[in-house]
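Copied over from Swiss-Prot:
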{"type": "BINDING", "residues": "153, 154, 155, 156, 157, 158, 159, 160", "note": "ADP binding site"}
């Protein structure tokens with residue numbers, strides 16, 4: 001009989017969106033696989049009365065509390081309340097803000113949502129997301145000439161999710177699936193090879209992914225799509241293309257999207 005996981009509630013409080021606290025809480029919780037965490041984000045808290053109501057609910061649920069208040073009054077109230085009611089509490093933002101204040105000898109703005117200001121970077125990110133969708137899967141070869149990054153790879157090497165992740169970082173990304181016996185668009189040969197990244201994997205990983213995909217669609221997993229010999233030829237053909245282009249090749253087997261994206265971004269510097 002499977003052992004039931006311990007369940008813990010986590011409240012994320014903010015006078016802005018609460019993304020920062022949410023990311024920190026999830027990152028820390030990921031280190032405890034045997035515990036079931038229930039996350040409840042409470043953004044845009046601007047009054048003591050609303051904060052008090054939420055904190056009292058946290059007491060009833062014996063929740064852990066993460067906060068990213070920039071309003072000193074709200075921040076102090078949350079800290080005092082949690083201390084008095086023995087709630088586990090983490091003020092995520094204040095230590096970092098204080099560190100910057102000490103180093104710069106300047107007072108913080110104490111204005112919530114500064115990281116979400118509608119500035120040029122924000123609009124660049126939106127534009128990059130639209131670009132990634134428009135030029136996904138080699139839909140329009142013209143996109144390769146406009147892109148900051150071009151991803152090439154056989155199917156199931158995470159080209160689309162990687163494109164969207166990089167777009168969220170502000171990069172315009174176009175990707176092309178490498179299909180056997182299909183001609184490579186002329187535009188690829190006109191792109192600076194430093195902007196092109198070849199995505200590969202192991203034949204075992206690709207075989208497993210493709211078999212599971214066929215099963216999910218109710219199809220026979222024993223097909224040319226998932227055949228080991230066919231996969232081996234696909235990967236060899238892709239490797240030969242990468243060598244001709246002279247691009248960086250990344251093996252995505254056992255790598256997260258974030259890890260692959262980091263390698264790409266660092267290579268562009």
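Keep in mind that glycine also has a Cβ here, set from the backbone N, Cα and C atoms.
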Exercise. In three-state terms from DSSP, label residue 155 (ADP binding site) for me.
Key: coil
Quiz item: If the ADP site is taken as the center of the Cβ atoms of 153, 154, 155, 156, 157, 158, 159, 160, which further residues of that chain fall within 8 Å of it by their Cβ?
Solution: 175, 177, 199, 252
Quiz item: What count of other C-beta atoms do you get within 10 angstroms of the C-beta of residue 153 (ADP binding site), across all chains shown?
Solution: 24
Practice problem: For residue 157 (ADP binding site), just count the other CB atoms lying within 10 A of its CB, please. | Solution: 27
Exercise. Determine the Cβ neighbour count for residue 156 (ADP binding site): the number of other Cβ atoms within 10 Å of its Cβ.
Key: 20
Practice problem: Would you find the one among the binding-site residues 155, 158, 160 whose Cβ has the most company, meaning other Cβ atoms within 10 Å? | Solution: 158
Quiz item: Counting across all protein chains shown, how many other Cβ atoms sit within 10 Å of the Cβ of residue 154 (ADP binding site)?
Solution: 21
